[in-house]
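Enquirer: Okay, so TrEMBL annotates it like this:
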- 99-112: compositional bias 'Gly residues' (COMPBIAS)
- 138-219: domain 'Cytochrome b5 heme-binding' (DOMAIN)
- 51-139: region 'Disordered' (REGION)
- 256-279: transmembrane segment (TRANSMEM)
- 285-302: transmembrane segment (TRANSMEM)
- 390-412: transmembrane segment (TRANSMEM)
- 432-451: transmembrane segment (TRANSMEM)
Amino acid sequence: MLYFMLHRIYSELFFPQLQQQHDEVAPGLFEAPCRQLAAVLGSFSPIPGLPTAAPGRSPRCLRGGQSPRGAGCEKGRAQGERGPMSAEEGGASPRRQPMGGGLAGRGEGRGAGRAQAGPEPEPRSRLKMEAPGPAPAPRRFTWEEIAQRSARGPPPQERWLVIDRKVYDISRFHRRHPGGSRVISHYAGQDATDPFIAFHPDKALVRKYMSPLLIGELAPDQPSFEPSKNKKLVEDFRELRAAVEKMGLLKPNRTFFMLHLCHILLLDVAAWLTIWYFGSSTVPFLISAVLLGTVQAQAGWLQHDFGHLSVFSESRWNHLVHKFVIGHLKGAPASWWNHLHFQHHAKPNCFRKDPDVNMHPLFFALGKTLSVELGVQKKKFMPYNHQHKYFFIIGPPALVPLYFQWYIFYFVVQRKQWVDLAWMLTFYIRFFLTYLPLLGVKGILGLHLLVRFIESNWFVWVTQMNHIPMHIDYDKNVDWFSTQLQATCNVHQSLFNDWFSGHLNFQIEHHLFPTMPRHNYWKVAPLVKSLCAKHGIEYHCKPLLTAFADIVHSLKDSGELWLDAYLHK
């Protein structure tokens, strides 16, 4: 009870509005106990700085507020003016004071109260709640301040980025980013508006999770993106992006993808039927290997579609089918693909940010600028002037069977991706259960190795023809459109080229609009060409075999540049 009485006195002194609400709910609940405690406290010397009550007045009466119990306080005032009332006078002892009072007692007490405690404040019913003050203004930043938060330099390595003029602190969040820590960190200290729009189909949902990361916005005198970027080009591309959305080019035709999945499954069944019906002799064995290699290549292009969230409107369905295609049909982890591929799209051909060019400088010298830099530094990990020759040995034939095949298991175990590991195991269980009775242990191991060899050649030639011959350098933080155009090129359209490359012959359009369904690339290509022509940017497009040859020519040129710098600079 002592706790409630103290709480009552404290709330009446400092939070009268809240106490009024309480009075209306439970009138008179602690009136008598509060007066009893006030009478006791009144015998002590007052504390400096706190209002004091006249004799017989409870602290509540200091405000002179009106309430359903106000008469009790007024009677206390009157009693304090005349002295303690006796039982014969109709009063009560301080320990048994009544809760009500008459008009006479109220008026008499009012005069005494003024004489001892000063002017009577306004009744509580006339008090007005003070309006809340204005919300604090958001913090304003300059591009110079933001550029300093790029996770470089000594700790603490802050990471800030800008989206639609809003500044977000991702210093802690980047490790929990669903797309991976590195892909979002690659834009630390930069404007990330265009990649944010490109990678996230459901932007409204994502923005809800971004709210806790918001720390301010750009100052009014600051442009919406870095001053070094081409303002007109950025604005024109954003207009193109809006037009693409309005035209419905980001909407998928699910029948297209389902038919593509069916043709992969039919090829898989045909490969098994070939050996089951014709036996395990050389010709049926090779035919089955080619069919299975085709299955792996085409499943690779299909999982690419699901990984980019290009098939279903809901991300969770894309993720689920992605795990089935890449895990059960290919035996690879979805998390590994996401970790590498999104970085590649965020900063293509940017050394130290795009993992696809991490073969520099350990195996190859890539790009004119980096090759010369390597030669000037007198670094020689390989005979780079011969790299266009040994590319045929350690490149297309070896990447999947000798590297990817084993590294993916290390990746899922090291990162504890147990769900991906389970999907991968279903591929190997199915493969061994269906082919082991037909081929035996040696035959099935040979078939698996041959299939990976075919898949590796197919994969490397198609994916590298669009990037190795293009500009490779450090990240220069140029606009999104220029970043993608200088790192990618196209291959002529045809039914075979579209099927063979999984529509990645439209690499430019794919990089500009990563979530666009591949069957719409040819529709947006004329618009992209028009924008390139307007701004004097070269739109590279070439025949398929020429694109293959350019890989070798590019490696030869960069190797010669390295050798010249190594010997003479």
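Cβ coordinates come from backbone N, Cα and C, glycine included.
Could you place these features in context, so I can see how deep they sit and what lies close by?
Expert: Remote same-chain partners of the transmembrane segment (285-302), defined as residues 6 or more beyond its termini with a Cβ less than 8 Å from a stretch Cβ, comprise 257, 260-261, 263-264, 267-268, 270-272, 274-275, 325-326, 329-330, 439, 443, 447, 450-455, 458-459, 501-504.
Packing against the transmembrane segment (390-412) from elsewhere in the chain are residues 332-333, 335-336, 339, 363-364, 382, 418, 420-421, 424, 449, 452-453, 455-457, 459-461, 464, 551-552, 555: each is 6 or more residues past its ends and has a CB under 8 Å from a CB in it.
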Enquirer: Just to confirm my parser: what is the rounded mean pLDDT across the domain 'Cytochrome b5 heme-binding' (138-219)?
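Expert: PLDDT averaged over the stretch: 92.
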